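Listed in TrEMBL:
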- 338-454: domain 'Knr4/Smi1-like' (DOMAIN)
- 44-76: repeat 'ANK' (REPEAT)
- 78-110: repeat 'ANK' (REPEAT)
- 218-252: repeat 'ANK' (REPEAT)
- 253-285: repeat 'ANK' (REPEAT)
Amino acid sequence: MAINRTARDEPRDQTVHDAAANDSDHLQQLLRKNPQLRDAPGWFGRSPLHVAASAANEKSVKILLNAGADANRPEGLHQDTALAYAVTADSADCVRLLLRGGADPNRRGARGQTPIFLSRSLQVLNQLVEAGAKLDVVDANGDSPIQACASYTGSLEVLRFWVERGADLDAEPVVGWPPLIGIVSTAIPLAKRSESERLEMITWLLDHGASINVQDNQGMTALAYAAENYQHLPQCVQLLLERGADPNLPRKSQETPLHLATQRGYLDVVQMLVTYGADPSVPNIHQVYPLDLSGNHDEIRVLLEPITHKQLRPVPTSEAVVDRLKTIPRYAEVAFQGCTEEEINALEERLHVSLPQSYRAFLRTMGHGVDDFMVSDRWTFTIDDLPKIARDKEYEDFCDLPENYFVFADRSGYWWVFFILDGINEDPPVYGFDDGEDRTYRQVARSVWEFVESLVIDYEHWFKDEAK
């Protein structure tokens with residue numbers, strides 16, 4: 001019978017682990033009494049040698065190796081060896097001892113990284129190279145050591161090492177970031193790397209040929225990340241713009257840096273972006289303009305309104321939306337499971353409502369679902385769901401709704417969309433609200449079918465590679 005192990009089932013660190021980290025003399029005493037403690041399993045399979053290396057305790061590392069501890073034993077979480085722990089701790093002394101004790105500099109952990117990926121200083125990196133560490137390596141995600149350096153370890157001298165050896169400055173891994181983007185991404189908690197360090201690394205990379213407009217696999221640029229994290233990186237935004245970053249280069253969902261800065265209420269960034277040529281009249285794939293994201297940020301709205309020129313699209317028809325969904329290969333041949341007029345009439349009678357014609361058309365078309373459309377995005381919306389979600393009293397805990405609201409779709413119990421039953425409008429606008437604290441709702445579409453179209457656009461974006 002298979003056993004499902006959890007963190008609670010894992011062995012805890014023992015006295016020997018604490019001694020390995022903090023009290024080498026006590027460690028020596030423990031090993032004299034019981035030499036087998038050198039291999040005692042601790043938290044997630046860490047040995048005392050892992051703990052000593054992580055604590056950069058050179059004396060404990062030496063004691064454990066002399067006692068016969070295995071320098072290549074992996075721990076249980078990431079399959080990293082004590083050498084990887086010592087490199088992460090940037091302890092040249094521990095690295096030296098472990099290499100002399102037989103540690104393999106090319107041993108990979110579960111993420112496919114060798115210790116060289118974790119180097120934080122040139123001194124430790126050179127130790128690994130002298131011990132035979134391979135330089136032409138990538139991890140399980142296709143990341144190279146220079147990308148790991150830029151995104152995680154943040155050492156300019158290590159960055160220089162890789163560039164001097166011909167590392168590709170603009171290489172895009174399957175998961176992760178090109179080096180320039182890694183510097184301003186949130187891979188490292190922003191508080192743990194000063195902005196001055198980031199500025200120095202950005203400047204050095206650009207001076208040595210990195211493309212300032214390189215994009216990651218989501219189409220994000222360094223400027224987009226810096227604009228998104230402006231509260232921590234104000235000077236990075238300025239530097240990137242001064243060095244020629246394109247303020248209008250969108251990510252794959254067509255949001256520009258101006259969308260990101262506006263949504264977060266960063267007035268200073270919005271002003272900088274506009275000054276450097278950002279176009280506020282460029283919508284994203286949902287035809288949302290930066291101005292539409294200004295929310296309660298009045299100063300941003302005042303800045304963007306006079307310079308935003310929207311192109312109003314016609315409200316999509318049901319036929320157009322259905323045809324668009326069918327252009328996605330996975331939905332080209334699936335059955336649209338609609339409701340009968342009798343089912344819709346019975347629903348109206350049960351809920352004591354008169355539904356608008358546009359929504360009746362939606363129910364006739366897909367009221368019982370279309371394969372995994374909407375469902376895979378965690379929407380509850382079928383005719384069988386409506387008696388429960390249409391008029392739930394719990395909504396009063398989240399939002400001050402109009403009297404005649406009708407919720408027709410629920411996303412995971414935290415986001416709801418509705419229209420107003422006024423008895424007049426047969427194609428009413430759609431509004432949304434969430435379980436937040438502001439108790440407000442906002443218009444999200446001009447019609448039911450425009451709302452459905454917005455979901456179709458999401459699915460086009462997610463599955464566009466299937467069409468190739």
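Residue positions begin at 1 at the first shown residue.
For all residues, glycine too, the Cβ spot is worked out from N, Cα and C.
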Distal contacts, the repeat 'ANK' (44-76) - CB-CB under 8 A, six or more residues away: 7, 10-11, 13, 16-17, 19-22, 24, 27-28, 31, 35, 37-38, 82-83, 85-86, 88-91, 93-94, 97-98, 101-104, 107, 109
Beyond the flanks of the repeat 'ANK' (78-110) by at least 6 residues, Cβ under 8 Å: 47, 49-50, 52-58, 61-62, 65, 69, 71-72, 116, 118-121, 123-124, 127-128, 131-134, 137, 139
Confidence summary for the repeat 'ANK' (218-252), mean pLDDT rounded: 94
Residue counts (helix, strand, coil, in that order) that DSSP gives for the repeat 'ANK' (253-285): 16 helix, 0 strand, 17 coil
